[in-house]
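What TrEMBL says about this protein:
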ACT_SITE  Tyr123  active site, proton donor
ACT_SITE  Phe401  active site, proton acceptor
BINDING   Val82, Gly83, Val84, Arg90, Arg91, Gly92, Ala93, Leu94, Arg95, Ser118, Glu119  acetyl-CoA binding site
DOMAIN    4-149  domain 'N-acetyltransferase'
Amino acid sequence: MDDLDVRPLADSEHRRARSLFMRSLHRPDADDQWESVAGRYEPGRVLGAFDEGELAGTTISLASSIAVPGGAVLPSAAVTGVGVRADRTRRGALRSLMRRQLADVRERGEPLAMLHASEAVIYERFGYGVATRSRTVSLDRFRSVLRPEAPTGGRVRMVDAESAAKLLPEIYRRIGLCRTGMISRSDGWWTSWLAALRDNTVAAVHSDDDGVDDGFVLYEAKVNDHRFDDGVITLQVLDLHGAEPAAVAGLWGFLLGLDLSNRIVAINRPVDELLEWWLTDRRQCRVTSVGDDLWLRLVDVPAALSARTYGQADPVVLEVRDAFLPENSGQYRIAPGEVRLCGDRPQLSIGVDALASLYLGDVAVSDLVAAGRVAVHDPSAVAAADRLFATAETPWCGTSF
Ligand SMILES: CC(C)(COP(=O)(O)OP(=O)(O)OC[C@H]1O[C@@H](n2cnc3c(N)ncnc32)[C@H](O)[C@@H]1OP(=O)(O)O)[C@@H](O)C(=O)NCCC(=O)NCCS
């Protein structure tokens with residue numbers, strides 16, 4: 001199918017693109033919300049696909065960055081606002097938008113693109129792969145008690161919306177992209193995130209023993225029984241970050257101490273969060289789901305592969321196949337401290353989407369071999385590749401966009 005006509009939208013067209021996107025998600029599109037999300041529509045980064053002269057689909061990308069193994073922080077386009085008019089789907093609008101967007105990302109010198117997918121079957125064909133996972137946990141508040149050994153210290157205070165708008169971005173910046181997979185949050189991101197919160201959303205800040213703010217939580221209560229006699233208040237934790245385990249544990253301790261609630265549900269948490277280890281009864285931390293979180297696209301494969309670090313192991317020649325951006329295809333010799341294109345016979349072959357899953361260290365090469373996602377030409381390379389790509393920590397993004 002021929003690509004549709006795709007072009008960057010003028011500022012005056014951004015509002016229409018937003019409407020189209022919200023409609024594609026079956027969500028309301030209130031005028032009073034536009035002001036708070038307009039900052040996400042960055043000039044030049046808003047694309048429209050036109051079918052017979054009419055806007056049929058759209059996508060935007062936010063200028064962001066992401067921490068990769070070894071601590072380097074790489075520019076990364078945060079792709080969002082993807083929608084195609086329901087009466088124009090399956091005519092290639094998304095494909096055309098993806099083609100143009102990835103070309104733009106590459107031209108801007110951003111080696112990576114990333115997104116959260118509404119459906120898991122859409123983006124692999126464009127070279128995206130699941131790079132981080134997250135979990136939802138549900139705790140019975142009355143039976144969840146922190147152990148005395150859980151790291152504590154400092155104090156937690158509630159802050160009003162105005163203070164939260166100033167403090168939370170500062171604290172997030174201070175925490176820094178200290179973990180592989182964490183991404184930067186722009187001013188536009190914060191404005192739209194905080195504006196989307198409901199009236200009953202509460203912000204609380206943790207400060208350490210020296211009084212330095214080092215963590216925050218945003219939560220809201222779902223109240224089903226206004227007589228308070230049936231224990232049906234659930235607290236939903238929307239965003240919780242801390243610089244140190246003591247800040248995170250301190251915030252959990254605060255949540256567990258909130259009167260009149262009987263359940264705490266926290267979404268988008270790290271799969272390796274230490275919560276179970278902090279509780280006297282670890283079964284009270286019920287993991288209700290683990291799912292794909294951040295999808296990554298290596299847009300400039302040599303630049304991305306060179307930017308991360310590798311474990312000690314013999315070099316491996318990895319063939320990368322990238323049908324959507326064929327300029328990335330080739331044999332890469334990967335060794336600690338050096339990644340280069342080479343003409344050697346490949347020991348392993350991988351699609352660029354599966355490479356994205358390896359890239360931040362969320363899955364082992366041998367697991368992808370077992371899953372049939374890596375082809376093995378030299379079996380001795382599998383263990384070496386496992387050691388090269390292994391990382392000490394599980395990646396976590398922790399930011400919706
Ligand atoms: C998802 C969406 C953007 C796809 O747009 P589209 O213009 O229909 O996609 P295209 O016609 O370019 O399809 C490209 C390919 O993806 C496939 N595809 C697209 N959407 C798909 C879906 N939801 N499920 C399965 N396959 C899908 C197409 O079949 C086609 O496959 P092919 O490469 O084998 O030909 C559109 O369906 C939509 O707006 N959905 C609702 C909003 C949404 O989910 N947005 C994404 C937010 S992350």
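Each Cβ is built from the backbone N, Cα and C atoms, and glycine gets one as well.
A separation of roughly 26 Å, to the nearest angstrom, links the Cα atoms of Phe401 (active site, proton acceptor) and Arg91 (acetyl-CoA binding site). Shown for the domain 'N-acetyltransferase' (4-149): DSSP residue counts in helix, strand and coil, namely 45 helix, 51 strand, 50 coil.
Neighbour density for the residue listed as 'active site, proton donor': within 10 A of its CB lie 23 other CB atoms from the protein chains shown. For Phe401 (active site, proton acceptor), the Cβ neighbour count at a 10 Å cut-off comes to 21, with all displayed protein chains included. Note: the CA-CA distance between the residue listed as 'active site, proton donor' and Val84 (acetyl-CoA binding site) rounds to 14 Å. Within the same chain, residues at least 6 positions away in sequence whose Cβ sits under 8 Å from that of Val82 (acetyl-CoA binding site) are Phe21, Gly57, Thr58, Thr59, Leu94, Leu97, Leu115, Ser118.
The binding residues for acetyl-CoA are recorded as Val82, Gly83, Val84, Arg90, Arg91, Gly92, Ala93, Leu94, Arg95, Ser118, Glu119; their greatest pairwise CA distance is 19 Å. Secondary structure from DSSP puts Phe401 (active site, proton acceptor) in coil.
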